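S.K.: Handing you a structure now.
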Amino acid sequence: MSSLENQTEFHKKTEIHTTPNDVHFRGSTDFVLITDHRTSKYRSEEQLLAEKPEETSIMKKIFRKKMLYKRLPILEWLPRYTLADAIGDLVAGITVGLTVIPQGLAYSNVAGLPTEYGLYGSFMGCLVYVFLGTCKDNTIGSTAVASLLTYQFAKGVWQRAVLLTFLTGIIEIGMSIFRLGFLVDFVSGPVSAGFTSAVALIISTSQVKNILGVKSEGASFLQRWISMINDIHNIQINDAILGISCVAVLIALRFVGRMKVGPKETTELKWYHKASNKVFWFMGIMRNATVVVVCAGVSMYLESQGKHYFRLTGNVPQGLPKPALPPFSIEAQPGNATAGIPEVKGETFFDMVGGLGYGLIIVPMIALLENVSVCKAFAKGNPIDATQELFAIGVANVANSIFQGYRGNSGLARSAVNNASGVRTPLANLYISIVVMLALVYLTKYFYYIPLTVLGAIIISAVIFQLQYHVIKPMWRSKRSDLIPGIVAFITCLVMPLEVGILIAIGVNLLFILYHSARPKISLETIETMEGYKFLKLTPDRCLIFPSVEFVRNLVLKSGNKTSLPVVIDCTYIYGADFTAAKVISSMIDDFKRRNQKLIFFNLKPSVVQIFEGLKCKLILCYNAESLIEELKDSDVPAQRVEFEVPPSLKIDMGNSDNQSTASTITLTKYQSK
């Protein structure tokens, strides 16, 4: 007997006896037919008219109250706005606004754009998010990832950067209309961690040049380090000392902000404990602004004394940018070698779009990933409307482009500050926007004295903590194979252009998914009914599609060849199939028919049956235990008992050495295939 033919009990409770008035199926309820015993005349006159839904116009569907509240979340929380909410939002908005200003100035250098563009992209997005945002902690502005992607695709040309912001915003709005927010699910956690870690190293490398004062050329991480090492003899000692000192101070203040004094229990804290903890927290939150103000003040004093020790940010245009459509072309401009002005080549709209290339796809995907990650971090288990967030960030970036801003995404660091500052609603973004606009109007003349090395230190001290090394250990413990796409994302994004690296990493991750779908798990068991009929049961755990169907077919044929029993495929978990699967199933049915072995499909969903019947597959279908037993009766003969005498000379070991009979009677159960 085959090893597959292990007897297991087929319980009575699995048998369901049905009558015409009591229809029950063990499998899919899609197969249940509900009939109306009245005539079609009565049904068409009375019921069909009553069941016909009311015709509503598209405009009525769009402007339903439920839809308006969903697409304008401000209508939901504004009527319940209180004085406590206003105070919390005001404090949080001013705190985050003072954090956004130095970050915006610093990230514009990452994007390869003039300093003011970092602030241009940090106020309109916040205003839009007040009306369209769903996460109270979220803020829209310049981020490390958005700045690096802008540099990768715009190549430091502000017209391309603004057009990239406009077009990706339009694409995000379109994605939200067609509910394509699910695309972010194709970027797994390991790929996201590898990508984020690579971005942190790339951005840190791009700012080392500002700290050391050396040249950094090249498109990849490795090329930039080689360039800096070759130019290390031109290091600016003053800038290097100031930059390294600022990095150390910023990291120290980061840890100071997390210090807690006094008992661990909140109820046991004294007033001076609470005051000290608040001071520590404020020092940590305001570390960027504090360092910028102090260093700018020192630099201003030294400049007034005629001592030019540091490379400075330079002139920043005063005032808000005038609203205008984004540039759809670039006019050619002659260069001036004497003044050091390079020549600008003209580009048409199609030239600019062609230059952006994959960025029109990669940037919205990464932006959605950033935004959803921030919302999940502060959702506290509440559901997230990814479609609405995608719509909000799309509209925000279209508004940014009208005011010459470059890409703005959700920033985890800013959102964490917002949350810690006691934000109550998205209205805090209004105060962030006001703080940034006031800075553009009144403080730009002081931005001139900010040393470039300080801005580089701010970026390095921020992104260095984005290295996702802490996920390696849990991933190793849970599923080690997940490390592969993460490592691929990390390495390819370092050694190749960023867009190529992320596409390769996503491709590798999809290969893992396809391999998993191509090798479904199939449980095999030999079952005996109470009536004495046996069959081989196979249960695939997923749908039958072209990568997996050959694997399933070979396993079914291999298992069927080892026994003459009928084979029953439990299709409970087969929720879909395709044309290739139908062809293979048809071939498998013919193979079983040639050797006179029955192949039964149990609980196969009608939608899948329709696919198989498209190729005229002669399926044997069963949807309950009673019909399955009837099919087994047609293929098997019940077990027969056969007795015969054993000669006395034959010793039979019955498991006991003392048990040796002179004659024995053996009863065998014989299963005979019809």
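Each Cβ is built from the backbone N, Cα and C atoms, and glycine gets one as well.
Here TrEMBL flags 544-613 as domain 'STAS'. Residues or ranges marked as transmembrane segment by TrEMBL: 161-182, 240-257, 278-302, 349-369, 426-443, 448-467, 487-515.
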S.K.: Count the Cβ pairs between the transmembrane segment (349-369) and the transmembrane segment (448-467) that lie under 8 angstroms and are 6 or more residues apart in sequence, then report whether there are at least 3.
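M.R.: The transmembrane segment (448-467) and the transmembrane segment (349-369): touching, no.
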S.K.: Is it the case that the transmembrane segment (448-467) and the transmembrane segment (161-182) have 3 or more CB pairs under 8 Å, with pairs at least 6 apart in sequence?
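M.R.: They are not in contact.
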S.K.: Relative to the transmembrane segment (278-302), which of 161-182, 240-257, 426-443, 487-515 accounts for the most Cβ pairs at distances under 8 Å?
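M.R.: Stretch with maximum Cβ contacts: 240-257.
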